[in-house]
Structure formats: C-alpha cells, structure tokens
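Q: To start, I am sharing the structure in question, which I have written as structure tokens.
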C-alpha cells in the first residue's frame with residue numbers, strides 16, 4: 001500500500017489532540033467541535049480498512065499469521081525492535097469498534113463534561129490512539145508501550161472528572177492494571193532473550209527480534225522451542241496481565257469502582273474498548289504463542305470464566321446503583337468472552353471476538369443511558385426512579401432494545417455472540433455439559449437483573465420528583481441511535497464480521513492444530 | 001627480648017584502651033588514651049618505623065589529645081552520664097556486639113596473617129628510615145599528599161566558620177531550642 | 001622477632017575496644033576518643049604489615065591517616081562546641097532532632 | 001411461486017409494526033392498519049394452504065432461505081422459513097384468531113392513551129409467532145420463541161403504572177427465560193450431535209444439507225441395539241426441549257406466570273395466553289416428534305406432566321373469583337390435555353385439540369372481555385350476576401364457548417377431547433385416562449359455576465348498569481362462536497363405515513406426523529358427554545340455587561364443606577408461594593450477601609489489604625530511624641560484623 005493508511009488511522013487522533021492544544025482553554029464549544037471533527041475523520045478514514053481488506057484464502061497453514069496493511073520501520077535495530085504494525089481479521093473489527101465508538105463518546109461529552117473540556121478531549125483522543133496501537137502493534141515492545149500508554153489517559157479521565165472518591169478509584173485502577181502488565185513485560189523480555197539464544201545457535205550474527213510474526217513462525221517451524229515449564233510460566237505472566245484487564249473473576253474488583261467514579265464518556269470508553277484489550281491479548285498472545293500451555297490451562301480458566309459469568313450476574317442483581325449494576329454485568333459478559341476464547345476452537349474464538357464487539361456496543365450504550373439519567377437527576381440509585389415510561393417513551397424504547405441486546409435476545413447482536421461461544425464451548429473436548437449449564441444460568445440471570453433495572457426505572461408509579469424529566473434531546477437520540485443500528489444489524493446479519501475473521505482466527509488456532517498434529 | 005618488650009607495651013596499650021572506655025570522668029579517659037598512644041608509638045619503634053613513632057607522639061599524643069583535654073575542660077562535660085540511659089536495650093546490645101566483633105576480628109586476624117617471624121636480612125637496615133619514606137612520599141604518593149594538604153585547609157576554615165555562627169546565636173535561640181527539646185521529650 | 005600475627009591480634013583487640021567505646025558511652029567526647037583509638041588500631045595493623053612486606057607504602061598510608069585524623073578531630077570538636085553552645089549538653093542522645 | 005409468497009405472511013404484520021411504531025400517531029388508523037395487515041396475512045395463508053394442497057403429498061414442504069444467518073466454523077444456520085401442512089394449520093390459527101382479536105381490540109382498547117403502541121406490540125407479536133411457526137430451523141424458531149416472550153412482556157406490562165402488571169410482566173419473561181435456557185442447551189446438543197439445526201434437508205448455497213430430523217434414523221437406526229448412547233442423546237435433548245415447552249406452554253413446574261399474566265388487557269390474554277403463544281410448546285413437540293419418539297423415558301415424563309398439570313389446574317380453576325383467572329387456569333389445564341396427548345404419541349389429536357381450544361378459549365376470553373367492558377372493569381364474579389338479559393349476544397356466545405370447553409357433543413371441544421381420551425383408551429394409558437376423564441368433569445363443573453355466577457341470579461353489585469358491547473366486539477364473538485360449533489368437523493372419527501369426510505386433519509398432517517387415524521370409541525364418547533352435561537348442570541345448579549349466599553367480597557358457599565382444600569385450590573396449591581419462598585427470597589438474600597460481604601470485603605478486601613500491608617510495612621521501617629546516633633552506630637556495627645563473618649566463614 002503506497003499510502004500508509006494504518007499509520008494515518010493510528011496517529012490521526014493523536015494529531016487531533018495536538019491540534020486541540022491550540023484551542024484556548026475556555027472555548028469549550030470549539031474544543032468539542034474540533035474533537036468531534038477529528039473523531040469523525042478517523043472513523044471515515046478507518047472505513048477504508050474493511051473495504052480494502054482482502055482475506056487470503058485458508059489453504060494450508062502458513063507459518064506466519066497473514067497481515068494486511070503491514071508497515072515496518074526500523075526503530076532500535078541493534079536489538080531488532082521495529083515499529084511494525086499490521087492488521088488481521090480479529091484486530092480489524094476491534095479497530096473499527098474503537099473508531100466507531102470515539103465519535104459517539106465525544107458526542108456524549110456535550111452534556112456530561114462541563115469543566116476543562118479541552119483537556120478532556122485531548123486525553124480522550126490520546127486514549128483512542130493508544131487503544132488502536134494495542135490492536136495493530138505487531139512488535140512485542142511496541143504492543144507493551146501502547147498497552148501501558150492506555151493507562152495514563154484513562155487514569156486521568158477517572159481521577160480528574162470522576163465522582164466523589166475518584167482518586168481512590170483512579171489509583172486502584174492504575175496500580176492494579178499496572179502490576180499485572182509489569183509481569184507481562186518480564187515475559188516479553190523472557191521471550192525475546194530465549195528467542196535470540198535459540199536463533200543465535202543457528203546464525204551467529206542474529207541480533208534478536210521482537211517481531212511477533214517472526215517469533216510465531218520460528219515457533220511453528222520448530223527452530224525455536226519452548227520447554228513446557230518455561231512456556232507455562234510465560235503463559236501465566238501474559239495471562240495474568242490480560243485477566244486483570246478483562247477482568248476475569250477474581251481480578252474484577254477494580255472495575256465497579258472505576259466505572260462508578262468515571263464520567264459517562266470515560267465509562268463508555270472503559271467498557272467499550274479498554275476491556276477488549278485483555279480479550280484481544282489472550283487471542284493474539286496467549287493462544288498463538290503458547291498453544292500447549294493454553295491447552296493445559298484451558299479447563300482451569302474456563303472454570304474461572306464460568307464463575308465470573310454467574311458471580312457477576314448474581315452480584316449485579318444485588319446492586320442498587322445503576323452504574324455498578326452495569327459494571328458487574330460487564331464482568332459477567334467478559335466471563336463469556338473468556339469462556340469462548342479458551343474453548344480453543346473456531347466457533348468459540350470467533351464467537352468471542354464478535355461478543356467483544358457486541359459488548360462494546362451494548363454496554364457502551366447502557367452506560368450512555370445511565371449517563372442520560374445521571375445528567376438530569378444526578379443520582380444513580382434505582383429507588384429514585386420509577387414510571388419513566390410514561391414521560392420518556394423514546395428513552396424507554398431505546399433502553400429496552402439495548403437491555404435486550406445485552407441480555408441476549410435472539411435477533412439482536414448479544415445472542416449471536418453468546419450462542420456461538422456456547423456452541424464452541426460445547427464442542428471443545430474438555431468443556432462439556434457442566435460448563436454450559438452454568439453459562440446458560442448466566443444467560444437467565446442476565447435477563448433477571450436487566451429487567452429488574454428496567455422495571456425499577458420505567459415501570460410502576462411516577463413519583464412527582466421525576467414528573468418534569470424531559471425526554472431525550474435530539475443529540476442524545478442521535479448518539480444512541482448510532483449505537484442501535486449495529487446492534488440490530490449484527491443481530492440479523494453477522495456474516496460480514498464472521499467471514500473476514502475466519503482466516504485470522506484459523507491462523508491463531510493453527511498452532512493448536514500443529515500441536516494436535518504432534519509436531 | 002623483643003617479645004618481652006612487645007608483651008609489656010601491648011598490655012599497656014590494652015589497659016589504656018579499656019580504661020579509656022570505662023572511665024567515668026572524661027579527663028581520666030583522655031589521659032588513658034594518651035597512655036595508649038604512647039604504647040602504640042613504642043610498638044611502631046619495634047616495627048622499625050621511627051618516623052611514625054615521632055609523628056605518633058607529636059601529632060596524636062601532642063596535638064589531638066591536648067585539643068581533647070582543652071575541649072573537655074571548656075565544656076565541663078566530665079559528669080554527664082549520670083542520667084539514666086534513654087534506650088534500655090542500647091548498652092547490653094552494644095557490649096554484646098562489641099564482643100562478637102572482637103572475636104570475629106581476631107579470628108580473621110589469626111587466619112589472615114602469618115605466624116612465622118618476619119623476614120630479616122640486610123634490607124631491614126635501611127627499611128624504616130625517613131629518607132626512604134620521604135622519597136616514596138614525594139614521588140609515588142604526591143597527589144594524595146596534596147589532597148591531604150587541602151583537607152587540612154578545609155578543616156581549618158570549617159572550624160572557623162562553625163564557631164562564627166556559634167557566636168551570633170542569641171540567647172533567645174537557646175531558649176527556643178530548649179522548648180523544642182521539652183516538646184520532644186513530651187512526645188517520646 | 002615478634003610474628004606479625006601478634007600485632008594484628010592486638011590491633012583487632014584495640015579496634016574492638018574502640019567500637020565498644022562508641023556503642024556504649026553516651027559522652028560525645030569519649031565517643032570521639034574511641035574513634036581515634038579505632039583509627040590508631042588500624043595504623044598499627046598497617047605498620048605491622050609494612051614491616052612484614054618490607055614495603056614502606058604501609059607507613060606512608062599511616063602518615064596520611066594521621067593527618068586526616070587530625071583534620072577530623074578539629075572539625076569534630078568544633079561541631080561539638082557549637083552543639084554544646086546551643087543545647088547545653090554533650091550527651092549524644094539529646095541530639096536527636098534529625099528524627100526520621 | 002409459493003417460496004416468495006410465504007415470506008409475505010410474516011413480513012406484512014412486521015411492516016404494520018414498523019408503521020405503527022414510527023409513523024402512525026392516530027388511534028383510528030393504528031387499529032385499522034394493524035387489523036388489515038393480519039387479515040391480509042390470513043388471506044395469504046389461505047392461498048398458500050390451497051397451493052400447498054395442490055402439491056402431491058410427498059413434496060408438501062416448501063423451504064426458502066433469505067440469507068445465511070450464522071456461518072462460522074462448522075456452525076452454519078440459514079435464515080430460512082418453510083411451509084408444510086403442520087405450519088399451514090398453525091399459521092391459519094394464528095392469523096385467523098389473531099385478525100379477529102385485532103378487530104375486537106379496536107373496540108376494547110378505544111380511548112386508551114397509548115393504543116397506537118398497543119397495536120404495534122400486537123403486530124410484532126403476530127410476526128414473531130409466525131416466525132416461530134414457520135421457522136425451518138431450531139434457531140429461527142428460538143428467535144420467534146423469545147420474540148413472543150418479549151411481546152408478552154410488553155403486552156402484560158402494557159398498563160405498567162399498575163404495580164402488579166409490571167411484576168407480572170417481568171415474572172412472565174423471567175420464567176419463560178428459564179425454559180428458554182433449557183431450549184438453548186437442547187439446540188447446542190442437537191447441533192453437536194447432528195451437525196445442523198435445520199429440521200429437514202435443504203439446499204444451502206449449492207450443497208444439500210440434511211436436516212437433523214431426517215438423520216434421526218441414521219443416528220438412531222440402532223435404536224434398540226446394544227449401543228445405549230444414542231438413546232441417551234435423544235432422551236437428553238428431548239428432556240431439555242420438554243423443559244423449554246413447560247416454560248412456554250405453562251406446564252407444571254413453570255406455569256406460575258400464566259395466572260398472573262391476566263394483569264394485561266383481555267384481548268392480549270385471549271391472543272397470547274390462550275390461542276397462540278402458549279401453544280408454541282405443543283407445536284415444538286409435534287414438530288420434533290421423532291426426537292420424543294426415540295426416548296421412551298421422556299415420553300412417560302411428558303404424559304405425566306401433562307396429566308398432572310391438567311388435573312391440578314382444573315382444581316385451581318374451580319376456586320377462583322376473578323373471571324379471567326378461571327379461564328387462565330382452564331387454559332393451563334387444556335394445555336395439559338394437549339401435552340398428555342403428545343406424550344401418548346397422539347400428536348394429531350394434540351394439534352386438533354390445540355386448534356379447537358384456540359378458537360373456543362379465545363371466544364371465552366373475548367366474551368369475558370366484553371363482560372368486563374360492560375360492567376366497567378369489574379373482574380370479580382362476586383360483583384356480577386344476572387347479566388344475561390343485559391348482554392344477550394355476549395351471553396349466548398359465552399354459553400357456546402363454555403359448552404364447547406366442557407365437551408358437549410356437537411361442539412368442537414367434545415371431538416378433540418374425545419379423540420385424546422379415545423387414544424388413551426386404545427393404547428392402554430389407563431391411569432392417565434382416569435385422571436383426564438376426572439379433569440374433564442371438573443372442567444364442566446367450573447364452567448357451569450362461572451356461567452351461573454356471571455349470567456344467572458341477580459346483579460349483586462349495582463354500582464354499574466351493564467350494557468352490551470359495541471359492534472366491533474360482538475362480530476368477532478359471533479364468528480368465533482360459529483367456529484366453535486363448526487371446528488369439530490375438521491377431524492370427526494369414522495362413526496360409521498364409508499363416512500365421507502372423516503379424519504380430514506389427521507390425513508392433512510399425515511406427511512408431517514405420519515399417523516393413522518384412531519378408531520372411534522363409543523363407550524368413552526358416551527361417558528364423556530354424560531359427564532360433561534351432568535357436571536355442567538351440577539355447577540350451574542349449585543351456584544344458581546344458593547346465589548343468595550354469594551356476597552360481594554364474601555366466601556364461596558362451598559367453603560363450609562371444604563375449608564382448607566378450597567384455599568389450597570384458590571392458591572393453586574401454593575406452588576407460586578413455594579417458588580417465592582424457596583427460590584426468589586433465598587436468591588435475593590444470597591446475592592445481597594455475595595455482593596456486600598463476599599465481593600466488598602472478601603475480594604476487594606484482599607486487594608486493598610495488599611495495599612494496607614505495604615503501608616504498614618513502610619511505617620514500621622520508618623520507626624527504625626529514631627534519631628539516636630548510637631542506634632545508627634549499632635546498626636552500622638551490626639552490618640560490619642555481618643560482612644566480616646560472611647568473609648570469614650563463607651569465602652573459604
């Protein structure tokens with residue numbers, strides 16, 4: 001590709017952030033418009049990616065995963081570290097999700113952010129670049145740098161514009177995730193060193209390489225083998241960092257605090273994309289690099305995922321604060337995604353990827369919806385609301401649609417993802433009925449707590465306090481409608497995502513296939 | 001014959017050291033330290049280094065000990081140990097550690113140095129004289145020599161500056177320090 | 001001739017006594033003297049080894065040690081005087097303003 | 001021609017839904033549009049059925065795929081519908097009764113502020129039901145399955161201001177969801193064992209994909225062979241499907257939501273909770289009949305669940321005071337009949353009863369709606385009485401419906417119920433036959449009681465003066481009444497040799513259900529009719545003779561004889577209460593403790609605990625620096641000693 005589209009898409013938001021620096025501090029309206037312009041521009045440019053994306057045929061398991069829009073620049077040649085980015089079926093749609101959500105998030109700041117708007121937008125755009133960086137980075141170190149870089153803006157977003165004890169939430173969020181990812185850094189260095197040692201034996205002037213596809217091809221071609229003990233340790237380190245980010249069951253306690261304190265826009269980005277970094281990482285780094293360890297750890301992780309699903313749902317039911325309820329629902333949904341990933345087969349992983357996109361859309365919309373009420377009544381407690389269906393019909397209709405998509409009503413996007421994941425988990429050799437029993441229980445509980453929220457807010461008597469709440473403004477309708485379109489579209493026609501994903505998911509699982517073939 | 005002299009002086013040195021530590025009165029400990037320095041000077045002689053014998057006596061015994069006595073007299077600090085020891089566990093632990101250190105040091109000494117008598121021979125004659133020492137001092141060790149010079153200069157300037165600030169401090173500062181001390185006591 | 005080991009043993013003993021003095025005594029001056037004693041013990045060891053190796057370097061080093069010790073005593077005592085003037089005491093424990 | 005025509009049947013109501021939702025604001029137009037779309041789709045259904053009948057018997061199945069819905073890995077599910085005899089019959093019922101109910105609703109819901117939205121929901125419901133019935137694979141059937149569940153939530157909770165309506169709506173959705181969970185598991189099992197979710201084979205982009213029902217013999221060929229495993233699969237799958245059906249068709253374990261669902265508007269109860277949605281479970285069992293046939297264990301479960309549900313619901317219906325709750329329990333009971341029939345293998349009889357029941361139960365519900373409408377929203381029968389003079393049409397149509405339900409000879413109810421009982425007798429299900437017979441007697445009794453309480457005696461509460469309902473409500477009643485009379489002749493057994501139109505329905509369903517017609521059993525017929533008439537009269541006589549004893553808000557005259565049993569019957573044997581106490585309350589407290597105790601203190605405590613450990617350690621170390629010079633010296637010497645000893649002992 002002559003024109004480096006991917007780099008443009010990646011760095012456009014960052015450039016936008018720089019542009020915003022020129023805007024005077026006080027000019028909130030201008031800052032919002034510029035930010036929206038940049039976000040929309042990024043989305044439009046990123047549309048070129050799926051159009052230009054030509055999934056290669058699936059014949060034969062090539063050694064290295066096949067990349068589109070690959071770009072490579074020497075960065076630290078002495079150690080073989082390069083700025084190499086590329087796109088494959090899985091990351092394509094996650095990048096699209098990011099660029100799709102960012103304008104929606106910026107649009108939602110019109111009502112929810114009133115102080116320091118310029119800085120808020122700058123952080124938001126930087127965060128977008130960081131997130132996209134994680135999805136496109138093909139170099140381990142570059143991946144790690146972007147991974148850490150996502151933490152900084154998010155922590156400030158929560159820390160400065162958050163709720164009452166935002167400092168506690170921001171600090172907890174930062175330290176918790178950072179602790180996990182530091183382990184990952186160790187693992188990255190470990191791989192790099194092992195890889196270099198293994199290959200120096202072959203050609204002495206080999207200077208080591210952080211390039212992901214290079215390492216994977218060496219792994220598969222056999223001239224770089226990991227001894228099982230080491231492989232499991234490295235797998236553990238990577239997995240821990242991603243498990244904290246996902247968040248998987250025992251590591252989830254930072255999520256409710258972060259969500260409750262984060263501003264609406266922050267919550268949407270956090271739930272919409274940041275949680276997917278963990279999931280994406282698992283697919284790209286855990287399964288592809290350490291197939292044997294993934295096979296070994298899969299049942300244990302599936303158990304954690306199942307606990308996460310049921311536990312998240314039950315705890316969500318008990319919440320009185322709407323945002324906490326949606327936060328725990330995210331824990332439950334992400335449990336599904338991890339279950340899908342560690343089913344280690346085509347249906348499971350592609351279902352997980354689709355579910356990641358679905359979760360981004362529906363939970364993002366849910367947070368926007370909670371934000372709408374929060375902007376009007378400045379309270380998130382369920383008791384304060386009731387009978388809003390009468391005075392806010394449009395709002396109720398959209399909330400119902402999004403709640404149903406999140407609960408997994410067939411015909412909407414949630415169900416497709418969940419069904420494929422469950423199908424994958426059912427077909428997986430070591431996951432069977434018991435796992436599915438609980439997963440389905442999670443689906444039922446999802447309906448329970450979402451309808452508890454719906455009933456609490458929209459049905460029953462209309463208290464005088466809520467009597468004069470006005471329905472959604474045109475901008476709010478626009479924001480939510482943008483999210484509702486893909487929710488219904490993916491529900492009825494998910495093929496356009498599945499088809500382009502087949503090749504890459506296949507390649508991600510190739511290592512397992514090779515393993516099974518006893519290479 | 002030498003061993004006899006060595007044993008006597010060593011004993012004197014040890015007694016002097018112990019007495020210095022144990023003595024209640026600061027002046028007595030200063031004088032015992034003087035005795036110790038004298039004994040060590042004699043040992044230097046035994047080790048064929050007359051120059052150091054002279055230096056030891058003049059600089060250490062003469063200058064430093066005199067300075068000490070002067071300061072003790074100036075401050076009148078002979079009798080300040082009668083107050084009970086603030087930190088109860090300081091004394092026993094200190095003694096214990098000192099003994100352990102002595103044993104370890106001696107053990108290292110035994111293992112490290114040779115027991116055989118030191119080599120004699122004709123080189124011994126010219127060994128200790130100041131000329132050879134001076135030759136080495138001004139050729140090989142010229143740089144350290146200059147640096148020690150500078151150190152001494154700095155020391156002198158330091159002493160002058162310290163005392164200057166001391167003089168300007170008014171009575172009020174003294175009282176204020178006393179108050180902080182009382183508050184600290186209360187807090188401890 | 002007296003074997004060097006005796007000297008080193010003596011030096012170790014003197015050094016240990018010096019340490020004892022530093023640890024146990026609360027009078028700043030006595031502590032100072034103990035430090036001087038420790039330095040002296042070190043000098044003795046130097047000279048003993050110089051004698052054994054028949055190399056004058058040892059003695060030169062002792063010479064430097066003595067000069068530095070002198071400078072140190074000068075500054076130390078000046079400090080002591082300054083502290084005594086403001087705190088009216090030379091007890092080591094009183095001086096604990098720099099508490100962590 | 002048929003392949004594209006059948007797509008319009010579900011799409012027309014969907015268009016109606018979209019228009020009502022986004023475009024139409026005016027009540028009159030909404031009503032007309034909604035009814036028009038359903039009537040149009042009814043006409044289309046008729047045309048399609050006629051065309052289908054034209055095809056030779058062997059190829060009476062038309063399937064058409066719009067696009068490939070899910071295609072990842074080995075999982076490939078087409079978005080496709082089909083039209084075969086069974087579907088035709090169901091579609092006709094849904095659209096036919098649905099159209100009448102839409103017209104009836106125009107009158108009934110007149111003046112409601114949100115009536116446009118009501119018609120939108122109604123149209124959405126019909127669309128979803130049609131998808132359910134016409135789906136050619138389990139997943140699309142499941143889409144319809146949950147879609148109707150959603151619409152029942154929306155319609156039950158239509159008057160959401162009322163606390164009990166909101167609670168009933170959520171309860172209905174959640175209980176259905178429990179059944180649907182089992183349905184999902186069944187689908188997963190079907191796919192992993194058969195590789196496809198399609199019922200019958202079909203062309204998907206070029207290659208012929210066999211349906212799982214066709215591969216049944218291949219997998220279960222060795223049905224009675226030594227290999228026990230296939231039968232285990234069939235039992236597992238069919239049992240899960242059974243749980244799904246009990247959820248949707250309100251059978252024993254999961255029937256608690258149907259009586260509460262009466263909180264919704266009456267036409268909704270008529271359409272959803274009598275005629276169409278609740279029959280989905282029976283339809284699904286009929287459709288996947290081979291699966292159930294392959295596992296005798298599940299068959300017996302099905303029969304017993306059906307029989308017990310029928311009996312218990314009948315007992316509960318007797319003791320109700322709310323006019324609609326009587327009919328609700330009656331529906332549960334009649335569904336029990338159909339499920340029992342399926343269990344006995346008499347699928348054709350079940351479908352026949354489903355159709356007739358759909359007609360006369362809708363008639364009864366609409367009749368009760370007209371009564372409620374006439375008596376200004378009173379639903380308590382104790383406040384009614386003597387309404388036959390004030391509402392003649394409603395009275396006569398209600399009588400026809402009641403008689404049909406009770407099973408009086410010429411009417412539809414008799415033929416369909418009798419066929420079930422005859423089948424039970426013919427195949428030796430004696431215990432079930434006895435209970436079902438007893439249930440039919442109870443049915444006659446509570447219908448007699450209801451008719452007596454509403455229409456006979458004199459008006460007990462005269463805060464209102466009853467009036468007959470308007471034209472748009474009476475016409476559907478009359479049509480349905482005629483239907484209740486005529487419907488029986490769809491499937492008359494061969495009374496005498498050479499009878500012309502015997503067993504029309506069974507022959508029509510032959511290509512799908514492969515059943516021969518059962519023989520007519522005279523003894524059962526006579527007994528059933530005598531019982532029906534007798535018990536009906538007894539019920540009517542009991543409540544007209546001591547009509548005086550019935551006080552507004554008072555106890556039932558029979559309470560004196562029965563006491564606690566009567567309370568038990570009224571509360572449907574406290575099943576709902578048991579669920580609340582043993583499932584809902586513990587779940588609520590468990591989730592509260594899990595959230596507040598385990599999550600907040602437990603895991604979060606551990607995380608913050610790590611933080612606290614470090615801060616504590618930091619303060620401890622800080623204490624060490626206490627400012628005393630001698631302590632520093634001490635530490636210093638300790639270090640020296642350690643180094644020395646290390647040098648001494650370690651580095652030999």
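In case you wondered, yes, glycine gets a Cβ from its N, Cα and C as well.
Under the heading domain 'NADH-Ubiquinone oxidoreductase (complex I) chain 5 N-terminal', TrEMBL lists D:69-119. Marked as domain 'NADH:quinone oxidoreductase/Mrp antiporter transmembrane' by TrEMBL: D:135-443. Feature annotation from TrEMBL assigns transmembrane segment to D:6-24, D:31-55, D:75-103, D:139-160, D:181-200, D:268-286, D:326-348, D:354-374, D:395-415, D:435-456, D:477-502, D:632-650 (among others).
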Q: Could you check whether the transmembrane segment (D:395-415) packs against the transmembrane segment (D:477-502) - three or more CB pairs closer than 8 Å, residues at least 6 apart in sequence?
A: yes
Q: Establish whether the number of Cβ pairs under 8 Å between the transmembrane segment (D:75-103) and the transmembrane segment (D:632-650) reaches at least three, counting only pairs separated by 6 or more residues.
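A: Result for the transmembrane segment (D:75-103) with the transmembrane segment (D:632-650) is no.
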Q: Sort the residues of the domain 'NADH-Ubiquinone oxidoreductase (complex I) chain 5 N-terminal' (D:69-119) into helix, strand and coil with DSSP and give the three counts.
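A: Its residues divide into 29 helix, 13 strand, 9 coil.
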Q: What is the pLDDT of the domain 'NADH-Ubiquinone oxidoreductase (complex I) chain 5 N-terminal' (D:69-119) when averaged and given as a whole number?
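A: Here the predicted model's pLDDT, averaged over the domain 'NADH-Ubiquinone oxidoreductase (complex I) chain 5 N-terminal' (D:69-119), is 89.
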Q: Taking D:268-286, D:354-374, D:435-456, D:477-502, D:632-650 as candidates, which has the most Cβ pairs under 8 Å with the transmembrane segment (D:139-160)?
A: D:268-286
Q: In the same chain, which residue numbers or ranges, 6 or more beyond the ends of the transmembrane segment (D:477-502), come under 8 angstroms Cβ to Cβ?
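A: Same-chain contacts beyond the flanks: 97, 100, 104, 348, 352, 355-356, 359-360, 362-363, 366-367, 370, 393-394, 396-397, 400-401, 404, 410-416, 419, 422, 517-520.
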Q: Six or more residues out from either end of the transmembrane segment (D:268-286), which same-chain residues have a Cβ under 8 Å from its Cβ atoms?
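A: 86, 90, 93-94, 97-98, 101, 104, 122, 125, 129, 132-133, 141, 144-145, 148-149, 151-152, 155-156, 158, 241-242, 244-251, 258, 261-262, 292, 302, 324, 327-328, 331, 335, 338-339, 342, 347, 350-351, 354, 357-359, 361-362, 364-366, 369, 512-513.
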